[in-house]
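K.L.:
Sharing the record's features from TrEMBL:
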{"type": "TRANSMEM", "residues": "6-30", "note": "transmembrane segment"}
{"type": "TRANSMEM", "residues": "42-61", "note": "transmembrane segment"}
{"type": "TRANSMEM", "residues": "81-97", "note": "transmembrane segment"}
{"type": "TRANSMEM", "residues": "104-127", "note": "transmembrane segment"}
{"type": "TRANSMEM", "residues": "139-158", "note": "transmembrane segment"}
{"type": "COMPBIAS", "residues": "187-196", "note": "compositional bias 'Polar residues'"}
{"type": "REGION", "residues": "187-210", "note": "region 'Disordered'"}
{"type": "TRANSMEM", "residues": "235-256", "note": "transmembrane segment"}
{"type": "TRANSMEM", "residues": "276-301", "note": "transmembrane segment"}
{"type": "TRANSMEM", "residues": "322-341", "note": "transmembrane segment"}
{"type": "TRANSMEM", "residues": "347-367", "note": "transmembrane segment"}
{"type": "TRANSMEM", "residues": "379-398", "note": "transmembrane segment"}
Amino acid sequence: MYLVESKGGAIVCMLFSLFFLGTWPAIMTLLERRGRLPQHTYLDYSITNLLAAVIIALTFGEIGNGRPNFTTQLSQDNWPSIMFAMAGGVVLSLGNLSTQYAWAFVGLSVTEVITSSITVVIGTTLNYFLDDKINRAEILFPGVGCFLIAVCLGSAVHSSNAADNRAKLKSLTSDNKNVTATVGSSAYSNEASQNKGVKDLENGSSTPEKAKAGTADFLVDLENRRSIKVFGRNTSIGLSITFFAGVCFSLFSPAFNLATNDQWHTLKKGVPKLVVYTAFFWFSISCFVLAIILNVTFLYFPVLNLPSSSLKAYLNDWNGRGWAFLAGLLCGFGNGLQFMGGQAAGYAAADAVQALPLVSTFWGVLIFGEYRKSSRRTYILLVNMLFMFIAAVGILMASSGHRK
């Protein structure tokens with residue numbers, strides 16, 4: 001099998017992982033904003049997410065000699081480590097499923113900022129001690145501090161942008177004054193969806209007069225199109241989902257660390273530790289199984305007032321399926337590269353990929369028009385947040401050690 005053994009190779013893995021893990025949430029958000037049911041999207045995503053793990057295991061896991069390769073380990077008595085890997089897959093699946101709904105309520109950038117901050121604070125600290133402190137603490141923890149500063153700035157960006165949006169909605173033209181009066185109620189979103197007749201952009205059509213990004217009309221049209229209606233909803237719902245997802249994300253990397261390095265000595269004497277590719281395979285299996293169970297359930301018993309669906313409707317829904325498949329591949333390869341880099345340089349340093357909000361914010365601005373026509377205060381906070389994220393990822397990568 002192939003192992004990343006150099007610090008430079010580990011950093012390359014982390015950089016690619018950072019890009020992949022910051023991009024797939026933007027694709028999922030795009031589909032939700034175009035009206036595709038999140039249950040359909042996540043089922044498609046889960047298929048290719050597992051496929052990525054299988055591809056990695058059958059290629060990198062079979063190259064060369066040395067430690068036991070992927071297929072050899074499938075028959076070994078290493079179930080304690082497999083259970084740790086599968087536990088990591090369960091919490092990751094719960095986290096990913098939760099963020100799919102949080103993106104609609106809280107926004108792509110802020111959701112990623114909050115979940116990443118929790119991951120860094122809890123997960124990086126756990127990994128530092130699990131890795132027997134192979135990372136340089138004098139560099140690692142200042143990097144964590146930079147990340148927390150960026151989190152505070154991200155929260156300020158969200159607060160400032162939310163205030164900007166409220167001001168925009170108050171300034172709607174006289175034709176839309178009735179909308180302004182009802183923007184605080186969920187009844188508006190249901191009624192507007194029926195009256196406006198907005199067509200799904202997946203079919204290549206749009207509203208007769210496309211609203212410009214950053215305007216009040218754009219915000220109203222977005223609410224009409226999207227599958228998860230957010231007008232009139234309590235913001236605590238989205239924040240609660242986001243914090244739950246963050247806790248889940250903070251635990252999957254330490255669980256994977258335990259699976260590959262057996263710090264608690266759960267394997268029998270003489271049984272080799274799980275290689276990263278075998279652990280990732282079992283990790284992805286549990287992630288896939290839980291995602292299928294929960295999302296098939298949500299088809300018939302949806303949450304957050306989403307319309308019910310069925311397996312037949314899902315199988316016939318090809319709008320955006322290719323994008324959902326791409327999101328699954330990006331997430332799968334992103335996680336695999338993170339684990340490959342972490343095995344070489346320490347999982348605490350590999351948590352530098354939690355600077356993924358840097359990438360997500362870029363896509364949010366480029367694709368979704370987030371922060372368009374916002375106030376000067378919002379722009380200043382946004383630039384400072386991005387700068388602090390760049391500093392954070394650089395410092396965490398500089399703390400990389402080398403596993404003996």
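Backbone N, Cα and C define each Cβ position, glycine as well.
Describe the structural context of each listed feature in the structure shown, including burial, neighbouring residues and relevant distances.
P.N.:
Long-range neighbours of the transmembrane segment (6-30) within the same chain, counting only residues 6 or more positions beyond its ends whose Cβ lies under 8 Å from a Cβ of the stretch, are 38, 41-42, 45, 99-100, 103-104, 108, 111-112, 323-324, 326-328, 330-331, 333-335, 337-338, 340-342, 344-345, 349-350, 352-353, 355-360, 362-364, 367-368, 393, 397, 400, 402.
Residues 106-107, 109-110, 113-114, 116-117, 120-121, 124-125, 128, 348-349, 352, 354-355, 357, 371, 378, 381-382, 384-385, 388-389, 391-392, 394-396, 398-399 of the same chain lie 6 or more positions beyond the ends of the transmembrane segment (139-158) yet place their CB under 8 Å from a CB of it.
Outside the transmembrane segment (235-256), and at least 6 residues removed from its termini, the chain residues within Cβ reach (under 8 Å) are 84-85, 87-89, 91-92, 94-96, 98-99, 101-102, 104-106, 110-111, 114-119, 121-123, 126-127, 130, 279-280, 283, 304, 338-339, 342, 347, 350-351.
When Cβ-Cβ distances below 8 Å are used as the criterion, the transmembrane segment (276-301) is approached by residues 1, 3, 39, 42-43, 45-47, 49-50, 52-54, 56-57, 60-61, 69-70, 73-74, 78, 81-82, 85-90, 92-94, 96-97, 252, 256, 259-260, 308-311, 313-314, 332, 335-336, 339-340, 343 of the same chain, each at least six residues removed from its ends.
Below 8 angstroms of C-beta separation, residues 4, 9-14, 16-21, 23-25, 27-28, 30-31, 36, 40-42, 44-53, 56, 60, 92, 96, 253, 256, 260, 276, 279-280, 283-284, 349-350, 353 of the same chain, each at least six residues beyond the ends of the transmembrane segment (322-341), sit close to that stretch.
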K.L.:
Under 8 Å between C-beta atoms and at least six residues away from its ends: which parts of the chain pack against the transmembrane segment (104-127)?
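P.N.:
Here the qualifying positions are 22, 25-26, 29, 32, 95, 140, 144, 147-148, 150-151, 154-155, 157-158, 161, 226, 228, 230, 233, 235, 237-239, 241-243, 245-247, 249-254, 257, 342, 346-348, 350-351, 354-357, 360-361, 363-364, 368, 370, 385, 396.
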